[in-house]
Amino acid sequence: MTSQIETLKLEIIDLKSQLLQKELLLSQLQEKNEGFNKYSESLSTGEVVRYSRQIIMPSFTVDGQKSLKNSKLLIVGVGGLGCPAALYLAAAGIGHITLLDYDEVELSNLHRQILHNEFDVRSNKVDSAFKKLKRINRHITVEPINIHVNSSSITEIISKTKYNVVIDGSDNVATRYLLNDVCVLNKIPLVSGSALQMEGQLTVYNYNGGPCYRCLFPVPPPAYTVTNCGDGGVLGPIPGTIGVLQALEAIKILTKTPGVLCGRLLLFDGSNTTFRNIKLRPRNKSCAVCGDSPTVTSLIDYEQFCGASAHDNVINIDILKTNQNTDIKSIVNAKNNIIIDVRPKIEYQMCRLPNTTNIPLNDLKKEKHLDKVKDILETSKETDVFVLCRRGNDSQRAIVLFKEKFSSLPINFINVSGGLHSYSKHVDPSFPAY
Ligand SMILES: Nc1ncnc2c1ncn2[C@@H]1O[C@H](COP(=O)(O)OP(=O)(O)OP(=O)(O)O)[C@@H](O)[C@H]1O
Ligand SMILES: [Zn+2]
């Protein structure tokens, strides 16, 4: 069975490389066939036909198309926002698109990161996106850069290419400040978007005298107040909508079309399908980066500034003594022990281990739920109680609460290190590591 799978994988790799070679040849032949034509000054026959539906709009014209063709655009993050934005921008004929991301495609990305598909799982996001965008439009240059963007890498990238617009498709505050500052210092408009659960936001910073991100948020929010899609969830069409609108704003900026969303913030609520625009404060004259006497005149360490890392990977906490932790295998061997799973109820419904009791961490702050735990503990003869969660962090927080509330009971609360992720990795891969 395993060898059959391996053989099939190798065959697929071989077929893919044959396909790539044929596509390359095809595109070279088509290129020759579609050179500049005597009927159009600056566009090839193929380009005239391809873009005709946007060119014929009085607000766009051949000049608009030429502007897009001569534009260079940078997309940071090829995830929920970056994928739909890149799709429309490539289709519209932006001459040069650089894609930056450090991550690999995961199965849990596919419901919203629509450039990637099942065959791309475990591939670099930028390579996966590159292939799809070139298939949509082989006339444009797509530059995939597999990199974690920080102050030094972005400085190098920006110094090599003169970008006209930057799209922020990232998912963390440190990267947002970094992109804001690099755009202000290099006078590049920044199209910023965000999406979580059923809501999205969109605005353009640093454009036409409007505010920058720091003008509005001079101080970063405390790290624990920021929720990402991995924890809060998101419905695919929400970043889809915002990402497409980011593409629209970029096209308007590049073609000098009026009506760019600067100095305003668009709020999209997908739960009742409403769009609201709110007016933003104007540029702050005392802003640290775009103000009249800026104090930030070169890029700084943004992870330090925000007190949070520039990715959404979960940081493992370690707040218990060593003897209060155990590894996942001990709960597999444990017979009759009480195992409390402190994940939210929805996650417990999604997947769970047998013989576990769900008492969500958030409920533990409420007295009535604590009474329920007390009942379970008092009626059991066991003194060891295992506490379990998704990755082994909330279980530690729960133990701190348990020990505080049930100090009178002769119970050992034991944290299952690494939580259910560890179960999936070390015990049974068929348990979903979501
Ligand atoms: N500093 C950075 N450099 C490069 N890429 C970044 C940086 N910060 C964020 N990103 C990328 O931005 C993308 C954001 O995508 P998205 O918000 O859809 O979340 P995700 O991390 O792919 O998924 P999930 O949150 O579900 O795990 C990710 O692909 C991430 O790797
Ligand atoms: Zn500012």
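Each Cβ is built from the backbone N, Cα and C atoms, and glycine gets one as well.
Copied over from TrEMBL, here are the features:
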ACT_SITE  CYS229  active site, glycyl thioester intermediate
ACT_SITE  CYS389  active site, cysteine persulfide intermediate
BINDING   GLY80, ASP101, SER108, ASN109, LEU110, HIS111, ARG112, LYS125, ASP171, ASN172  ATP binding site
BINDING   CYS212, CYS215, CYS287, CYS290  Zn(2+) binding site
DOMAIN    333-432  domain 'Rhodanese'
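Rounded to a whole number, the C-alpha distance linking CYS215 (Zn(2+) binding site) with ASP171 (ATP binding site) is 20 angstrom. With a cut-off of 8 Å between CB atoms and residues at least 6 apart in sequence, the same chain places ASN109, ARG112, GLN113, GLY169, ASP171, ALA195, CYS229, VAL234, GLY236, PRO239, GLY240, GLY243 near GLY80 (ATP binding site), listed in sequence order. With a cut-off of 8 Å between CB atoms and residues at least 6 apart in sequence, the same chain places PRO211, CYS212, ARG214, CYS215, PRO218, PRO294 near CYS287 (Zn(2+) binding site), listed in sequence order.
On the 0 to 100 pLDDT scale, the model's mean across the domain 'Rhodanese' (333-432) is 90. Cα to Cα, CYS290 (Zn(2+) binding site) and LEU110 (ATP binding site) are separated by 38 Å.
Remark: LEU110 (ATP binding site) has HIS116, ASN117, GLU118, VAL121 as non-local neighbours, by Cβ distance under 8 Å and separation of at least 6 in sequence.
Not one of the recorded positions GLY80, SER108, LEU110, ARG112, CYS229, CYS389 places a Cβ under 6 Å from an atom of ligand 2. The distance from the Cα of the residue listed as 'active site, cysteine persulfide intermediate' to the Cα of SER108 (ATP binding site) comes to 19 Å. Maximum intra-site Cα distance, ATP binding residues GLY80, ASP101, SER108, ASN109, LEU110, HIS111, ARG112, LYS125, ASP171, ASN172: 20 Å. Residues from the recorded positions list (GLY80, ASP171, CYS212, CYS287, CYS389) with a C-beta closer than 6 Å to any atom of ligand 1: GLY80, ASP171.
According to DSSP, the domain 'Rhodanese' (333-432) comprises 45 helix, 16 strand, 39 coil. In the three-state DSSP scheme, CYS215 (Zn(2+) binding site) falls into the helix class. The Cβ of SER108 (ATP binding site) lies under 8 Å from the Cβ of GLY230, TYR434, each of which sits 6+ residues away along the same chain. Cβ neighbour count for ARG112 (ATP binding site) (all protein chains, 10 Å cutoff from its Cβ): 22.
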